[in-house]
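*Asks:* Starting off with a structure, shown below.
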């Protein structure tokens, strides 16, 4: 199969993966309106073409939290990454490090912090949820520090799990789900051998290190579901600050008032995000929410954005709307599922190539020169 864009990786991943895994990554909440708008709203933003600008000295490099990034992209935290490729978190982290960008480890990764951090030559980021079991949270923070993690991504838009109806149809949940998953694995032998057999253990590594006595993935997911905390408030972030003195990014901001509160709290960054359309259907796409948030807090806090980014052109659009850096999730996961570490490396090279073309043809020699003047019109204007 010819791979020329991230959408090709999606098609390849759909063929290779058991349906319960593909649709778990691909799906969103409820009727998936926000999931679709994340992509379509970005695609509807027209770039302003400029020519004859002598773009021979173009640079994608940027600085974020005392890190140099080869381009303004980081790999987003994606749960269960190790179910999409053998020891998937390790492979994705290596690809990100090789390209000179951060990898963000999810709380609910298959591989533990201690397995991934030594595999790369730059500090990874770590994502954490607010959970009822504060002992686990403290343990995770201590282990992240010990592993050399510098930047914490604190997810605040998941006090309760979203209603993901597609999971019941695909076999991730619903009637006879375990039997359906076994059958799907049997009918996808390449995945069954590479990940299902050779990718063991299949537990949530960061949680199993804390709980001990592994009992299986379903048990850990059940424990996690019972530990999401709807009482989350800014006081919980104050508690986190007692244990974390490095950069803290608050992920899940869609409103300018919440962004202002993040500045007051003293956060180092925010991620404008609707969790990839996986939490509350009907909320704004990240592209639609970003301009007002940038108007409110740009310069006071670092602004990251995710949800709907499928190409280097989309990265340029998000930067023009006000982001300093973007996170990509599904795009890298499909590449990982298809060709492992090599797939993610190739995807990042595609993103970089697409960004370079877009910057040359919009007259932006550096990331700082990508502004709203790079757009013909903003979304909704």
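Keep in mind that glycine also has a Cβ here, set from the backbone N, Cα and C atoms.
OK, Swiss-Prot features for this one:
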ACT_SITE  275  active site, proton acceptor
BINDING   24, 129, 164, 278  substrate binding site
BINDING   106, 127, 155, 251, 306-330  FMN binding site
DOMAIN    1-380  domain 'FMN hydroxy acid dehydrogenase'
*Asks:* Measuring Cα to Cα, tell me the gap between residue 129 (substrate binding site) and residue 310 (FMN binding site) in whole angstrom.
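*Replies:* Given the Cα positions, residue 129 (substrate binding site) is 25 Å from residue 310 (FMN binding site).
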*Asks:* For residue 314 (FMN binding site), what is the secondary structure by DSSP, using just helix, strand and coil?
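*Replies:* It is helical.
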*Asks:* According to DSSP, which kind of secondary structure is residue 164 (substrate binding site) found in, if we only use helix, strand and coil?
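*Replies:* Going by the DSSP assignment, residue 164 (substrate binding site) belongs to neither helix nor strand, so it counts as coil.
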*Asks:* Residue 278 (substrate binding site): which of the binding-site residues 106, 314, 322, 326, 330 is the nearest Cα neighbour?
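*Replies:* Going through 106, 314, 322, 326, 330 one by one, the closest to residue 278 (substrate binding site) is 330.
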*Asks:* Want to know which binding-site residues, from 24, 164, 306, 310, 318, are within 10 Å of the residue listed as 'active site, proton acceptor' at Cα; which are they?
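*Replies:* Those near the residue listed as 'active site, proton acceptor' - Cα within 10 Å - are 306, in sequence order.
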*Asks:* What mean pLDDT score does the domain 'FMN hydroxy acid dehydrogenase' (1-380) have in the model?
*Replies:* 95
*Asks:* State the Cα to Cα distance, in Å, between residue 314 (FMN binding site) and residue 24 (substrate binding site), rounded to an integer.
*Replies:* 23
*Asks:* Let me make sure I understand the span of the substrate site: among 24, 129, 164, 278, what is the greatest distance between any two Cα atoms, in Å?
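*Replies:* That value is 19 Å for the farthest Cα pair.
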*Asks:* Going by DSSP, give the three-state secondary structure for residue 24 (substrate binding site).
*Replies:* helix
*Asks:* Return the residue, from the listed binding-site residues 318, 326, with the maximum count of other C-beta atoms within 10 angstroms of its C-beta.
*Replies:* 318
*Asks:* Rounded to an integer, what is the Cα-Cα distance in Å between residue 306 (FMN binding site) and residue 24 (substrate binding site)?
*Replies:* 18
*Asks:* Compare the C-alpha of residue 164 (substrate binding site) with the C-alpha of each of the binding-site residues 106, 310, 322, 330, and give the closest one.
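*Replies:* Going through 106, 310, 322, 330 one by one, the Cα closest to that of residue 164 (substrate binding site) is 330.
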*Asks:* How big is the Cα-to-Cα gap, in Å, between residue 310 (FMN binding site) and residue 24 (substrate binding site)?
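*Replies:* Given the Cα positions, residue 310 (FMN binding site) is 18 Å from residue 24 (substrate binding site).
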